[in-house]
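Enquirer: Provided herewith is a single structure, encoded as structure tokens, for subsequent inquiry.
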């Protein structure tokens, strides 16, 4: 029996011998690669020493060959995009270290500087997102809502249902930047049950309206006659200590809107929000009515010297406010009667909030008193500031009627 001849001419060696030689060559290449890697590791960033470590002598400084011919210092190997290390000096002073990546974020600049090993500008931090402005009309609105006051309200549950509301009743939209920085001011005394309903209904509404808002409950201390307008002035000044609000909504604690298209924000003219209350048969009681819930921008509020401080007891202050706006050439804007519907929590009149017998006389003299009675004559003392999960409560002493 004959063996077959080899497929290739020349050597009669078995095919395994060629494979063995290839393996030896591969091992040699790997060893060379490992050696070069070790040299780089020992040399660190000082690449000037690399030729000496591998046994290569650099050309003379005057030579026109090698590195000098392409404009690099002699004896230096330079990687693309890497700046050269500083020259070695015969000095006992320590060399200054090259800036690290941490330095680049601590002292941001236009791009990589000398000595940097970055080939491009550092990547910005991903913790800050570039958000666009919220739309003029929120896409989250649902329209008409059923408002009921015959269910018990647990504020712990309300807190759980509004996890994005921060301590003190602050909320900022997460997916856009709201131009409406709204402080909602509630004049208050002994209305805790009403406040529960207000917080239960209004927090979801205000979030759907994509407002950057805070809730401030201004609590009148003591047992003297209630003064709604003065408490609103206090709320204006105290809220501005927290944040740069540009809009102020002044709301009674017992009024709830029935349509979330009735936005709690400011417009080019002062805004009357509670235009169709169930108390008045869902209609406006009279054209000059400005009570319940209203909104004024910071500039509008300052231009009328705020609200009057001398209306102790019930009634009159909202008509005085309307007169102030008219005397400053402003007109009141309102939503239509369908969107502007509101429900009021029924209750008996509070003690120390009886009708003010002087209200009609004071309303008749608004033009003479508005320059001296308002923000520029406001006096009060803050007794306590309490930051609750759903609102900020500021208890104040506003004095007694003079």
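All positions are counted from 1 along the displayed chain.
Note that Cβ sites are derived from N, Cα and C of the backbone, with glycine treated the same way.
Below, the features straight out of Swiss-Prot:
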BINDING   316, 317, 318, 319, 359  N-acetyl-D-glucosamine binding site
COMPBIAS  116-130  compositional bias 'Polar residues'
DISULFID  134-176  disulfide bond
DISULFID  247-266  disulfide bond
CARBOHYD  90  N-linked glycosylation site
CARBOHYD  117  N-linked glycosylation site
REGION    77-130  region 'Disordered'
TOPO_DOM  1-24  topological domain 'Cytoplasmic'
TOPO_DOM  45-402  topological domain 'Lumenal'
TRANSMEM  25-44  transmembrane segment
Enquirer: Give me the Cα-Cα distance between residue 318 (N-acetyl-D-glucosamine binding site) and residue 247 (disulfide bond), rounded to a whole Å.
Expert: 18
Enquirer: Using C-alpha atoms, which one of the disulfide-bonded residues 134, 176, 266 comes nearest to residue 319 (N-acetyl-D-glucosamine binding site)?
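Expert: Closest candidate to residue 319 (N-acetyl-D-glucosamine binding site), judged by Cα separation, is 266.
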Enquirer: What other residues of the same chain, not counting 316, 317, 318, 319, 359, have a CB atom within 8 A of the CB centroid of the N-acetyl-D-glucosamine site?
Expert: 229, 291, 311, 315, 320, 321, 356, 362, 363
Enquirer: May I ask which of the recorded positions 266, 316, 317, 359 is closest to residue 134 (disulfide bond) if we compare their C-alpha atoms?
Expert: 266
Enquirer: Could you tell me the C-alpha distance between residue 176 (disulfide bond) and residue 317 (N-acetyl-D-glucosamine binding site) in angstrom, no decimals?
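Expert: The Cα atom of residue 176 (disulfide bond) is 37 Å away from the Cα atom of residue 317 (N-acetyl-D-glucosamine binding site).
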Enquirer: If you measure residue 316 (N-acetyl-D-glucosamine binding site) to residue 266 (disulfide bond) at Cα, how many Å is it?
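Expert: With distance taken Cα to Cα, residue 266 (disulfide bond) is 23 Å from residue 316 (N-acetyl-D-glucosamine binding site).
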Enquirer: Any idea what the Cα distance is from residue 317 (N-acetyl-D-glucosamine binding site) over to residue 266 (disulfide bond), rounded to a whole Å?
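Expert: Distance between the two Cα atoms comes out at 20 Å.
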Enquirer: Max Cα-Cα distance in Å among 316, 317, 318, 319, 359, the residues listed as binding N-acetyl-D-glucosamine?
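Expert: So the maximum pairwise Cα distance among the N-acetyl-D-glucosamine binders is 10 Å.
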Enquirer: Long-range neighbours only, meaning 6 or more apart in sequence with Cβ under 8 Å: which ones does residue 247 (disulfide bond) have?
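Expert: Those within reach of residue 247 (disulfide bond), by Cβ under 8 Å and sequence separation of 6 or more, are 180, 181, 182, 183, 265, 266, 295, 296, 297, 298.
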Enquirer: The topological domain 'Cytoplasmic' (1-24): mean pLDDT?
Expert: 57
